[in-house]
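Asker: Pulled from TrEMBL, these are the listed features:
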type     : residues : note
REGION   : 1-89     : region 'Disordered'
COMPBIAS : 24-52    : compositional bias 'Polar residues'
REGION   : 162-181  : region 'Disordered'
DOMAIN   : 180-248  : domain 'HMG box'
REGION   : 278-297  : region 'Disordered'
DOMAIN   : 298-364  : domain 'HMG box'
REGION   : 337-360  : region 'Disordered'
REGION   : 395-449  : region 'Disordered'
DOMAIN   : 423-491  : domain 'HMG box'
COILED   : 473-500  : coiled coil
Amino acid sequence: MADTAVASTVPKKSRNNRKALKQKNPSTNESNIMAQKLSETSTATVLSPSDTDPSKENHASHSQPRSSPKKGKSKAAKAKQNKEASASLFEKDFQEMQEMLQQLKLEKEKTEVLLKEKDDMLKAKDEEIEMKGKEQQKMKMELKKLQKLKEFKPTMTLPFVQVMNDKEQDKKKKKGGNEIKRPCPPYSLWCKAQWNEVKKENPDAEFKDISNILGAKWKTITAEEKKPYEEKYQAEKEAYLKVMTKEKRESEAMKLLEEEQKQKTAMELLEQYLQFKQEADQEENSKKTKKEKDPLKPKQPLSAFFLFCNERRAALLAENKSVLEVAMIAGEEWKHMTEKQRGPYEEVAKKNREKHMQEMEAYKQTKDEEAMNLKKEEEELVKVQKQEALQLLKKKEKTENIIKKTKEQRQKKQQQNVDPNKPKKPASSFLLFSKETRKSLMDGRPGISNSTLTAMISVKWKELNEEERQIWNSKAAEAMEAYKKELEEYSKSLAAATSNDEQQQ
């Protein structure tokens with residue numbers, strides 16, 4: 001009986017149950033429920049009253065019939081063995097259950113972390129979708145605003161000065177550059193006059209050879225022979241300078257006037273745009289305005305067929321015919337009509353055409369007169385604007401002259417303070433070389449411009465060898481040494497003079 005009591009208290013755990021627990025991969029909720037159940041069963045088995053109460057064991061032993069002492073001892077030993085085996089089994093099961101619980105807890109934590117990450121991802125995606133929706137709404141609003149702005153058509157005219165400048169530029173382009181040419185120097189004028197003679201004397205000579213011959217001749221010519229060419233050059237130069245100075249003054253004046261008019265136009269545009277914006281905000285569904293036709297322009301006359309249709313329309317409509325039926329019937333009747341029947345309609349159409357031609361001629365004449373009047377008004381406006389521009393230029397020149405005078409006065413004061421006895425810095429090797437080469441080039445090619453001269457000098461300087469450059473470098477070094485000595489002497493004399501002044505004081 002004791003064996004049976006012990007066996008009843010200890011729960012039998014089959015191995016199949018263990019396999020089932022290991023095979024399953026329960027979720028977080030299921031794992032929590034299973035852990036609670038297992039903990040309850042373990043506590044129940046550990047704290048069962050049959051194992052703990054000694055009174056019940058004694059009662060069971062007293063209720064059993066008394067047997068022999070040997071049989072009692074053997075049964076007690078067996079009971080002890082059973083108890084020890086069941087306790088060892090329970091301990092093993094309990095350890096396994098604890099390991100399972102730890103694994104389930106770890107899995108639960110991992111799943112919770114994954115769920116949090118997924119929630120964060122979903123929230124981020126929802127925020128992105130909301131942001132995209134807001135951006136799309138903003139873009140739609142901006143598109144609507146831009147569409148409204150496209151309809152903005154300013155009524156103001158462009159500055160008249162700008163329009164006139166554009167017209168003048170177009171005229172120059174069309175004419176092919178009828179600009180005033182620069183005057184030729186006396187040498188080139190003489191070459192033009194002597195070219196044909198030299199060509200006759202040397203028919204096989206090339207362009208380069210002829211230019212060399214003319215250059216050699218020009219050196220041998222006296223000053224009296226050069227005089228007419230020089231006088232011609234001076235006269236052309238004076239005329240060219242007069243025209244250029246006039247054009248420059250006019251262009252400067254027009255630029256000043258342009259700037260003023262641009263500011264005015266910008267302000268007018270701003271006001272018109274603000275008005276348009278207010279109207280656009282009030283009227284969201286604004287319709288496009290059609291181009292207005294000239295009401296004074298004569299309308300085109302009706303043809304003979306349309307005159308016939310106008311006569312027949314009233315009679316056919318009285319017969320309860322539709323507009324399409326009226327057009328079909330009138331077309332068929334016109335086809336079957338003879339030339340005599342069509343004659344009166346064609347005569348009326350002809351008279352109407354002649355009348356329309358006369359009206360169109362008169363209309364064109366009026367339009368031409370209006371255009372001519374507009375041109376005259378524009379020319380008068382140009383004259384007035386030129387005068388205004390010249391007045392502005394005079395004001396600007398006055399201010400510039402005042403600024404120049406003040407600068408000159410300051411420079412004079414500075415120059416007065418500078419000691420004239422102070423030695424000047426010497427020229428560099430390149431400047432020394434350019435002074436000598438300039439003279440030779442001017443003699444060989446008279447009338448050459450300064451820009452070409454400087455370019456040729458720089459090319460020649462680059463072509464020099466190191467030995468040739470060393471000559472000019474040595475000259476510059478000698479001049480620098482002399483300058484340093486003079487500076488030392490000057491500084492000593494200055495120091496002596498200052499010391500004398502202090503002693504006298």
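Keep in mind that glycine also has a Cβ here, set from the backbone N, Cα and C atoms.
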Asker: Taking the domain 'HMG box' (298-364) alone, what is its mean pLDDT?
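Answerer: In the predicted model, the domain 'HMG box' (298-364) has a mean pLDDT of 87.
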Asker: Count the residues of the domain 'HMG box' (180-248) that DSSP assigns to helix (H, G, I), to strand (E, B) and to coil, and report the three numbers in that order.
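Answerer: Looking at the domain 'HMG box' (180-248) with DSSP, the answer is 56 helix, 0 strand, 13 coil.
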Asker: Hey, which bits of the same chain come close to the coiled coil (473-500), Cβ under 8 Å, at least six residues off its ends?
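Answerer: Distal contacts: 421-429, 432.
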Asker: Residue counts in helix (H, G, I), strand (E, B) and coil for the region 'Disordered' (395-449), per DSSP?
Answerer: 39 helix, 0 strand, 16 coil
